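What TrEMBL records for A49, P50, A51, G52, Y53, G54, K55, T56 is ATP binding site. If you look up TrEMBL, you'll see 792-821 marked as coiled coil. Annotation comment: TrEMBL describes 846-911 as domain 'HTH luxR-type'.
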Amino acid sequence: MTKPVDLRALPLIGAKLLPPPQPPHLLEREKFSELLHNTQIPSLLLIQAPAGYGKTTTTAQRLARLDARTAWYRLDTQDNECTLFARYLTESIHQATGACPDTRELLRNAPGTPLQTALTALLSELPLDDEPLYVVLDDYHLIDNPEIHKGVRFLLRHMPPYLCLAVLTRRLPPLGVAQLRMQGRLLEVTAVNLAFSADEAQAYFETRQPFEISRESIERAVRRSEGWISALQLLATHADTSIVFNERVEQLETGNQHIFEYFDELLEQSVDERQKDFLMHTSILDRFDAPLAARLMGAEDSQELLHSLLGSGLFIVTLDSSGLWFRYHALFAVYLKHLQACLLPQRSRSLHQAASDAWYEREWYDAAAHHAVQAYDEERITRLLQQKGQQFFKEGRLSILQRCLDALNQDAIAADPVLTLLQAWIAQNHYRFNDAEKWLAAAERSLQSNVEVQTVESIQSEFNAVRAQIAMNLGEPERALVLAHSALAHEARYLPPSKVAAASVIGEALFVQGNLHEALEHMKRTEQVALAMGAHQNVLWALCQQSEISVAQGYLQKAYNLQERAFQYTEENHLQHLPIMEFLYRIRSQIMWEWHHLESAESCALKGIEILEAQGERWHVQSYITLAKVAQARGRQTLCADYIQKVQRMLSAGEYHIDWMANAHAAMLAYWQAAHDRESILHWLTIAPPYDVDKATNHFMQCNARNWARAYTSLEQYDQAESILKALEERAENLGLCTDENRNHISLAWLYWLRNDREQALDHAWEALRLASTTGAVGSFLRLGKVLINLLKALIAERELETMERQRAERLIQLAQQQRDFSRAIRINLDEAIIQDIIDRPDVPELIRTSPLTRREWQILSLIHAGLSNDQISEHLKVAPTTVKTHIRSLYQKQNITHRSEAIELAKNLLSKIQGE
Ligand SMILES: Nc1ncnc2c1ncn2[C@@H]1O[C@H](COP(=O)(O)OP(=O)(O)OP(=O)(O)O)[C@@H](O)[C@H]1O
C-alpha cells in the first residue's frame with residue numbers, strides 16, 4: 001500500500017505565486033481604470049462571477065496598472081490543507097514585500113503548525129504602516145475547508161489597513177461579506193461589471209480580426225453571450241471571415257459545440273445528480289423562483305437545491321433585488337434546454353403543461369400561453385385565448401398571440417369571431433393580406449348558418465376594420481375610408497380596439513391624401529380614445545402617426561417630442577419589447593439621420609433589429625436602410641455595400657409597401673451615385689415602381705418620384721429630372737409637405753448646379769436652406785457629397801443670406817468637408833516591421849516597450865499626430881467614434897498620458913524616428 005502524501009510538507013510550486021501571463025489580445029478596460037486607488041484601500045476586494053468572465057485577467061491588468069505591490073496566490077483543491085495554505089500565503093507575501101521571514105521559517109520547519117498560529121505569526125510580522133499591498137487569492141471557490149474560511153476571516157479582522165485581500169471566486173465565499181459591506185470595507189465586482197459592453201467587444205474584435213464586423217453583428221454577439229468574454233473569445237478564434245463570424249453568432253442561439261463541451265465540464269465539476277435534476281426540470285423556464293421549481297420538480301427539497309446551486313457559481317442570474325427570482329444565463333439556458341431535450345425528452349410536454357398552469361395561477365398569462373404552445377396543448381391555448389386573447393391584442397402582445405393562433409386548428413378559429421379577428425389582424429400586421437381575407441371569409445361562411453342576420457351584420461362591420469387597414473396598406477385610401485366608416489357604424493362587440501383601429505385608418509387615409517391638418521386632428525382624437533381604453537398598441541400607433549404627419553409638415557422637433565411621449569408611455573406601461581416599438585425606433589432613427597446624429601440613428605436602427613429579432617430578417621429592411629445611410633455618411637463603403645445588398649435581396653424576395661420601397665430605393669440610389677455605379681442606376685430605371693406626380697400627395701409617393709429624378713440626374717438626363725422635380729415641388733408646396741419641399745429644393749439645386757445653371761441652383765439652395773430652419777435637415781444636404789461645398793460657398797458669396805442661414809450653410813460646408821467620399825477613404829497601414837523597428841530603438845521611452853501598443857493604437861497615435869479629430873480618425877479608420885475613444889483611452893493609460901498635446905508630443909518623437917527626421 002502506498003503511503004498517503006503529506007500535503008503539509010510538499011514543496012511549493014513557484015508558478016502558483018506568479019501573476020497570470022497577459023493574454024496576447026488583451027483589451028484595456030477603461031471602466032476598471034477607477035477600480036482601486038492606492039489612497040483608498042478596501043479590506044476585501046471581492047470579484048465574483050461565473051467561470052471565464054475575466055476575473056483573473058481584469059484583476060491582474062488593473063494591479064499591473066496601479067503598479068502596486070502584489071502577492072499573487074492561485075489556489076487549487078490541494079490548498080484546502082491548512083498548513084499548505086498558510087505556507088503559500090506567507091510565501092507570496094514574502095516574495096512581494098520581503099516581510100514575514102520568521103513565519104516562513106516556522107512553517108518550513110514545523111509543517112504541522114495550526115493555521116491560526118501561522119496567521120497570527122504572519123500578522124505579527126507585518127509592519128503596521130506601509131505602502132499598499134494587494135494579496136490576491138485567485139480561484140477561491142476551490143476552497144471548501146471551513147478552517148481556511150475561518151482563517152481568512154481572522155486575517156480580514158486583524159490585517160493592517162494598507163493590505164487589501166482580493167478574492168477571485170465563482171461563488172460567494174463565507175467570509176463575513178455582509179458585515180464588511182455594512183462597514184464600508186468591501187469593494188465588489190460582479191459578472192454584470194465584468195461583462196464586455198458592445199463598445200469593448202468592438203474594440204476587442206477590431207484588434208483581433210482582419211475583416212470588418214458590423215456593429216449589428218457585434219451587438220448581437222454581446223446580447224447572446226451577455227458579454228461573457230470566453231464566448232466572445234471563442235467567436236474571435238473560430239472565424240476567419242465576417243460570414244463565418246456571423247454564422248458563429250447565429251449559433252450562439254441554437255447551440256455551439258465548444259460551448260456545450262465547456263458547460264459539460266463545468267457541470268461535471270460542480271453539480272451532483274440531484275442538482276442536475278433541478279437544472280433539467282427548470283431549464284424550460286425563462287425565469288423561476290423556488291415555488292415554481294418545486295412545482296415542476298414535484299419535490300420538497302427544491303428550495304435547498306436552488307440555494308446550493310446559487311452557491312456553486314453556475315451561470316444563474318438573480319433578477320430582482322429581493323433575490324427571489326432567477327434566470328439562466330442566455331448561453332447556459334441554450335445548453336440546458338439542449339440537455340433536457342436529450343435526457344428527458346418524454347417529460348417535455350408535461351413540464352410545459354405544469355409550467356403553463358403554474359403561470360396561469362399566478363396570472364402571468366403570456367408565460368402561461370408560451371408554455372401551452374410549447375406543450376402543443378390546444379385545449380390550454382384555446383382556454384387562454386378565449387379568456388385573454390382580447391387583452392393580449394389590446395396590449396399589443398402580438399407575438400404570443402400569433403404563436404397561440406398558429407398552434408390552433410383552423411376550424412376552431414373560423415367558428416369563433418374573436419379568434420378570427422385576432423388571426424386576421426395578425427395576418428394583416430405581417431402583410432399577409434390574402435391570408436387575412438381568407439380568415440375573415442371563412443368565418444363569415446361558418447357563422448352565417450349559426451347566428452342571426454343582425455349579428456352577422458355587426459360581425460361583418462367589425463371585420464371591415466381589418467379590411468380597411470388592409471386597403472390602406474395596399475395603397476387604396478378611398479376604399480379604406482369606406483370600410484373604416486362601415487366599421488365605425490356598429491359597436492365592436494368582439495374586439496373593441498378594432499374600432500379604434502378603424503378610426504386611425506381614417507387618419508392614415510387623410511394623411512396619405514395630403515390632408516395633413518385634418519389627419520393630425522383625427523389622430524389626436526384616436527389617441528385619446530385608445531388611451532381611455534388602455535389599448536397600448538393603438539396609443540403608440542396614433543402617436544407614431546402624429547409624429548409622421550409632423551415630419552411631413554416639416555416640424556421635425558415636434559415629431560421628436562411626440563416620439564418622446566411615446567417612449568415615456570412605453571416606459572410607464574412596460575412595453576419596451578412590443579413589436580410596435582420597432583416602428584417607434586425606426587422613425588426616431590430617421591429623424592436622427594436627418595439631423596446628422598449618426599450614432600443615435602445607428603443605435604435606434606440596431607434597437608429595431610433587436611426588437612424584431614425573433615420575427616426574421618424580412619422585418620429588418622427599414623433598419624438596414626438606416627444602417628446603410630449611416631455607413632455612407634461615415635464613408636464606410638464596404639459596410640454600406642453589405643447593407644445595400646441585403647436590402648436588395650430582401651426587396652426582391654418579398655412584397656413591401658411602397659413607403660418602404662421608396663425609402664430603400666433612395667438609399668440604394670445614393671449609394672450607387674457615390675460609388676459611381678451607373679449601371680445599377682440604369683438597371684433600377686427598368687424595375688422602379690412607376691411614379692405619378694398627381695398622386696404624390698404624401699412623403700412616400702414624393703420620395704418615389706424624387707428617386708426617378710435622382711436617377712435621371714445621376715445619368716445626366718437633366719430635362720426628365722427637372723420636369724419631375726418641378727411638378728413635385730408644386731404639389732408639395734400646395735399640400736404643405738414641407739420636408740418634401742426641402743428635399744425637392746435640394747435635388748433641384750443639385751440638378752441645376754450640375755447643369756451649370758448657377759442662378760437657379762443658388763435660388764433652390766437658398767430656399768432649401770430657409771426650409772431647413774424648420775426641418776433642421778442636414779442628412780438630405782450631405783447626401784449630395786462634395787458638390788455641396790462649392791454650391792454653398794457660392795451661395796454665401798453671391799447672395800445676402802441672413803445670419804442664421806449663413807451659419808447653417810457654413811456648418812453644412814464644414815460637415816461636408818469632413819465627410820469621407822467612398823473613393824477617397826484613407827486606410828493607414830503601419831507596417832509591423834516598422835513598429836518593431838521603433839520599439840527596438842534604444843532611445844524610445846520605456847513605456848513603449850513595457851506597455852506595448854496594439855496595431856490599432858499605433859495607427860491612432862499617428863493620426864492624432866497628423867492633427868485629425870476623433871471623428872476624422874473614426875472616418876479614416878472606418879470604425880465607430882466610440883471605438884476610437886476606447887482606443888485612445890487605452891493608449892493614454894498605457895503611456896501615462898493625460899492630454900492630447902502629450903500624445904502629439906509622443907507621436908512626434910516616435911514617428912520622427914521612422915520618418916528619419
Ligand atoms: N480584457 C481582456 N482582453 C482580452 N482577453 C481577455 C480579457 N479578459 C479576459 N480575457 C480572456 O478571457 C478568458 C477568461 O478570462 P479569465 O481567465 O480571466 O476568467 P476568470 O473569470 O478568471 O475564469 P475562471 O473562473 O475560470 O478562473 C481568458 O482566456 C482571457 O484571456
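Cβ coordinates are placed from backbone N, Cα and C, and glycine is handled just like the others.
Whatever TrEMBL says is automated annotation, not expert-curated.
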Cβ within 8 angstroms of the Cβ centroid of A49, P50, A51, G52, Y53, G54, K55, T56: which residues besides those meet this for the ATP site? R170, A191, L194, I229, S230
On the domain 'HTH luxR-type' (846-911), the mean of the pLDDT values is 81
Are there residues at least 6 beyond the ends of the coiled coil (792-821) whose Cβ is under 8 Å from a Cβ of it, and what are they? 596, 633-635, 674, 758, 761-762, 765-766, 769-770, 772-773, 778, 781-782, 784-786, 871-872, 875-876
Give me the DSSP three-state residue breakdown of the domain 'HTH luxR-type' (846-911), ordered helix, strand, coil. 51 helix, 0 strand, 15 coil
Tell me whether G54 (ATP binding site) sits in a helix, a strand or coil according to DSSP. coil
Please report the DSSP secondary structure of A49 (ATP binding site), reduced to three states. coil
Across all protein chains shown, the one of the binding-site residues P50, G52, G54 with the most other Cβ atoms within 10 Å of its Cβ is G54
In this structure, which of the binding-site residues A49, A51 has the fewest other Cβ atoms within 10 Å of its Cβ? A51
Tell me the Cβ neighbour count for K55 (ATP binding site), meaning other Cβ atoms within 10 Å of its Cβ, over all protein chains shown. 24
Counting across all protein chains, other CB atoms within 10 angstroms of the CB of T56 (ATP binding site) number 18
